[in-house]
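Marked as S-adenosyl-L-methionine binding site by TrEMBL: Thr62, Asp80, Asp102, Val103, Ser119.
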Amino acid sequence: MNRADLNKKTKDIASMFDEVAPRYDLMNGIASLGQHIYWRKQTVAAVDARPGQRVLDIAAGTGTSSEPFADAGVDVVAADLSEGMLAVGRKRRPDMTFVQADVTDLPFEDEEFDAVTMSYGLRNVADFPRALREMYRVTKPGGRIVVLEFSTPAFAPFAAIYKNCVLPAIPPVAKVLSSNPESYVYLGESILDWPGQAELAQHFADAGWADVKYRNLTGGIVAIHRGFKPSK
Ligand SMILES: C[S@@+](CC[C@H](N)C(=O)[O-])C[C@H]1O[C@@H](n2cnc3c(N)ncnc32)[C@H](O)[C@@H]1O
């Protein structure tokens, strides 16, 4: 069974998600205790895309994060590293555009998209500052970035319960339900290793994004970071 570690080698990440793919969406709902629906809605609202606009959903996986855009008449490209995740997506949503792509080396022209978004993907990229620069490159001036990612709960006692009780409870559930239970050990490790909200916001600014803001959801279990590419 393939499981990545905190070195996050691209090959290990891709094969881990290839194995996760068949039951990814089922586990996602259970591990988040249903909160994922609310988190996704807030992310889609933050992107604020209009029908006809072109949006890149990178690390789209099976396309679950891209669907609301397609359903609203937005021209969304669902791109992902893992062929296994894309295969599940293409089968489920043959009407959507799926593209194999690494966020650190995107196969798109400069300034192609009105917005770029990424849900639960950035944490899996070893060179994530480079990913933030690549996303900046393919975004039109005036366009925006919206990233949903696991984060650091703001209230210390809640953070302790989350770290010591909630995260350790996920791998045993995954043992029963997931096609790659080991990957849920990596999930907990990678969440605890990830920069906090303010530090991550600084990485966005370093990549060129302006007016960077973040918003905690469910006490900071996840956070949405948003920024703009300055107009010319
Ligand atoms: C947890 S899934 C998220 C899928 C989807 N965005 C969602 O919200 O359900 C993370 C995805 O990130 C993708 N990924 C990891 N590293 C990547 C990279 N360097 N470039 C593109 N996608 C990547 C994985 O293949 C996986 O499908």
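A Cβ is built for glycine as well, from the same backbone N, Cα and C atoms used for every other residue.
Any TrEMBL annotation is an automated prediction that lacks curation.
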If you count other C-beta atoms within 10 angstroms, which of the binding-site residues Asp80, Asp102 is the most crowded?
Asp80
Please report the DSSP secondary structure of Val103 (S-adenosyl-L-methionine binding site), reduced to three states.
coil
Cβ neighbours within the same chain of Ser119 (S-adenosyl-L-methionine binding site) - under 8 Å, at least six residues apart:
Arg40, Thr43, Asp57, Ala59, Ser65, Val147, Leu148, Glu149
Could you tell me which three-state DSSP class Ser119 (S-adenosyl-L-methionine binding site) falls into?
strand
